[in-house]
Amino acid sequence: MQTYLLSQQLNTRSLAENSTACPANATICNGTSCVLPEDNFNETLSVVLSAVLTIMLAMVMFSMGCNVDINKFWGHIKRPWGIFVGFLCQFGIMPLTAFLLSLAFNVLPIQAVVVLIMGCCPGGTASNVIAYWVDGDMDLSISMTTCSTLLAMGMMPLCLFVYTKMWTDSNAIVLPYDSIGISLVALVIPVSFGIYVNHKWPSKAKVILKVGSILGAILIVLIAVVGGILYKGSWIISPKLWIIGTIFPAAGYSLGFFLARIAGLSWHRCRTVSLETGMQNTQLCSTIVQLSFTPEQLELMFTFPLIYSIFQLLFALLILGGYRLYRRHRIKTKTDVEKTEEKEDSKSMSSHAKINGGFVSNETK
């Protein structure tokens, strides 16, 4: 009898170990949804990848700076209408959209808070790379990213205080000012060197820009992949957050573009403002979330920044593809019109020659 019981216990233990349910070291376990403690391997991997991505980001921002004209950049600072429109989009439209989406989908308070944190974050550096590919105003793009990151130190606490009142105490949210400061330094220093290179050696700056734009595209994909690898836990979260994560960036791109157009900005600046509005600093959002909430709370919403990151990238690629198709069609149409005009000019010259006995004046040559 004792042998039988021992055999049953061993079988039970073996089944538990071979089960696909949460592992024994999970800090939270709810079916297949688990939050695991950090292990040394992932911590080391995170440090190594962070160092590599930081170096790549510095190189990309240096190359983006090589496309910035110091006079035009300073002109945006002295006459900051474009920056002001971007400011309204970044800290006006995005937090309000986050608030309305949270109310409309009636999400849990803790989930509403993470959506609002995302809405209050400054613009991400990926927007500069996409702005380059869609022929945006790089001077405006760089100045908007810099100003939004700098102003985030004051605007993020204010927006979170205003919009999170009904769900939580804003004092419970920890804002990593050191991370914001590091982001600002990592943006300003490489861009400054790039502007200097463009001013002193314009021909070399063009080569650096082409290489950096390709490196930037690789960096965007790497950040998305690395985020997916390093995120812990299950993807089994509320479908409402998936829907919000899809709608939110699309709303940011659309509303940013329309507000910029209403404000009278040119088309290429409207594209720039649109990208700066919709593309948020998702890494900063992840940091705030991890610093501010317990593992039990994280289970409900800690993958939302990655969901937003994926969809903001997908919509940005759709915008890029649509613009490239439009540009190709426009160039083709323009070429056809020019050829038609040339044919009409040659016909008119021929008929003029016939009327005047074959004589063609110098004015028509």
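Just so you know, glycine gets a Cβ as well, placed from its N, Cα and C.
TrEMBL entries are annotated by machine, without manual review.
Per TrEMBL, the feature transmembrane segment maps to 45-63, 83-105, 112-134, 140-163, 175-196, 208-230, 242-263, 306-326. The region 'Disordered' annotation in TrEMBL covers 336-365. The feature compositional bias 'Basic and acidic residues' is assigned by TrEMBL to 336-347.
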So are the transmembrane segment (242-263) and the transmembrane segment (175-196) touching or not, going by 3+ C-beta pairs under 8 A with a sequence gap of 6 or more?
no
Near the transmembrane segment (140-163), which same-chain residues lie under 8 Å Cβ to Cβ, leaving out any that are not at least 6 residues past its ends?
64-65, 68, 73, 76-77, 82-83, 86-87, 90-91, 95-96, 98-99, 116-117, 119-125, 127-128, 131-132, 170, 173, 175, 177, 180-181, 183-184, 187-188, 191, 269, 272-273, 275-276, 281
